[in-house]
Amino acid sequence: MNLHEYQAKSLFAEYGLPVSEGFACDTAQEAVEAAGHIGGDMWVVKCQVHAGGRGKAGGVKVTGDKNEIRAFAEHWLGKNLVTYQTDEKGQPVAKILVESCTDIANELYLGAVVDRASRRVVFMASTEGGVEIETVAEETPELIHKAIIDPLAGPQPYQARDLGFKLGLNPTQLKQFTKVFMGLAKMFEDHDFALLEINPLVITDEGNIHCLDGKIGIDGNALYRQPKIREMHDPSQDDAREAHAAKFELNYVALDGNVGCMVNGAGLAMGTMDIVNLHGGKPANFLDVGGGATKERVAEAFKIILSDDNVKAVLVNIFGGIVRCDMIAEGIIGAVKEVGVTVPVVVRLEGTNADLGREVLANSDLDIIAATSLTDAAEQVVKAAEGK
């Protein structure tokens, strides 16, 4: 689950971190009034969506004219913002963040992730602020400095100072940076973050550290113990198919191919997508139906997959462990009949009663292709998607 920038900055403020005064507004009039409440003669107005690249897409504006604030809000509220991180439809803009304008002398980067390789929370800092960290990692990895947090000892001030020295901060800025670092580390643990980014973390003209942006991703598995964070969820930013799948405990991620994939087990699902690619196809989705491939769940999975108009064929790859393959085959047949599937369906079954399962499919009188192996399944579904 992701948070909006205004929500992230609200959490920053709770932990005593330096952020700009700002208000999230639902209407153009509120945006104008917010600028008046903030005061000053320059403001920043930003569309609030769960995507980066807003500035290049026209979703951020610096202005000293309240009429321009009104025009900006009227233009974007209720519309979709398309950036390089969204699909072609973009993300809906329901709020505009109005903030005081901050003078920038230098831009830095500070972020943290749960690193699977080290099995630790890892903080990253760089002098290349305002640039996508992935770009920095690819082009100039030596400019990314890391601090690995020991889960027993916790974050230490010396780690912040070490990063600060590498960023070229002066003694006053080091103290401020240490406060930001320690606050973010505590926030990361308190709220079960999976990702945290401040890009850019700026040094103002007065020489002070300031959090100019905020990006937060929450570990979805921990939301049950984060009631406050759950209330911040904005369902309008979710993919409609992914949200529907979650209601049925299906793990679905939309992709841009034409081969629908339905698999039980995340590892097998990724392997299935790989072999479809290997044989010249493009997966339209990742979909893990989990351990219980029942008729009801398979039917919902078909509905979700086929709601994508790009899908020209579906590959069902099921390993029957606890659930017998003949029962799975009957569930697939029932689901195909219930949903009224019109595209070719290729099914590969392995595991308990696999031969019986394939026999059940063959005797179904439905347009279901029973594959003999995963390679055969991939070849068959790619041909079917191409209309061959």
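Every residue, even glycine, has its Cβ placed from backbone N, Cα and C.
When Swiss-Prot records Gly321, Ile322, Val323 as binding substrate, the matching candidate from Asn264, Asn277, Asn363 it lists for that site is Asn264. You'll find the Cα of Gly321 (substrate binding site) roughly 45 Å from the Cα of Gly53 (ATP binding site). DSSP assigns Asn199 (Mg(2+) binding site) to a strand in the three-state reduction. Cβ environment of Arg54 (ATP binding site): Lys46, Cys47, Val60, Leu81, Thr83 lie under 8 Å away, each six or more residues apart in the same chain. Counting only residues at least six positions away in the same chain, the Cβ atoms of Thr83, Tyr84, Gln85 sit under 8 Å from the Cβ of Gly53 (ATP binding site).
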